[in-house]
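Notes follow the structure.
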Amino acid sequence: MYSKTIPAMLAIITVAYLCALPHAHARSTQGYGRMDRILAALKTSPMEPSAALAVENGTTHPLEKRQIYDTSCKGVYDRALFNDLEHVCDDCYNLYRTSYVASACRSNCYSNLVFRQCMDDLLMMDEFDQYARKVQMVGRKK
């Protein structure tokens, strides 16, 4: 009895795996392509400081990658808020392994398109409203 059901179950599992695999691959490559386009647009933007480009070329040390408190953030200083926002940028850096992603994610006190794209690529969009409130709190002018 079991000798007939085991091969059938293995066949079903194999078919399900093969059907899901192309979709998983397309999601990750699609996210990587979007991030490349965002970063390329930021690099060519005249408003972007040249220091970020120097970091990408390796001429300076990217201290902002490890910086927990951004002096441009004029709102509430709460370590828990910064820690939550910092984890998104750190995870995004670990996903793409590009120092420019880390610095662009933190720019303008986390209120930027790269931060949102990082949340999307990390599959965290169901928590976006919660993180948007945190960004508003740390970036609010006094």
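Just so it is clear, glycine is given a Cβ too, placed from its N, Cα and C backbone atoms.
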In Swiss-Prot, the member of GLN67, GLN136 to which pyrrolidone carboxylic acid is assigned: GLN67
From VAL76, VAL138, the one Swiss-Prot labels valine amide: VAL138
Alpha-carbon spacing, CYS89 (disulfide bond) to CYS118 (disulfide bond), which is rounded to whole Å: 7
Collapsed DSSP category at CYS73 (disulfide bond): coil
Between CYS109 (disulfide bond) and CYS118 (disulfide bond), the C-alpha gap once rounded to whole angstrom: 15
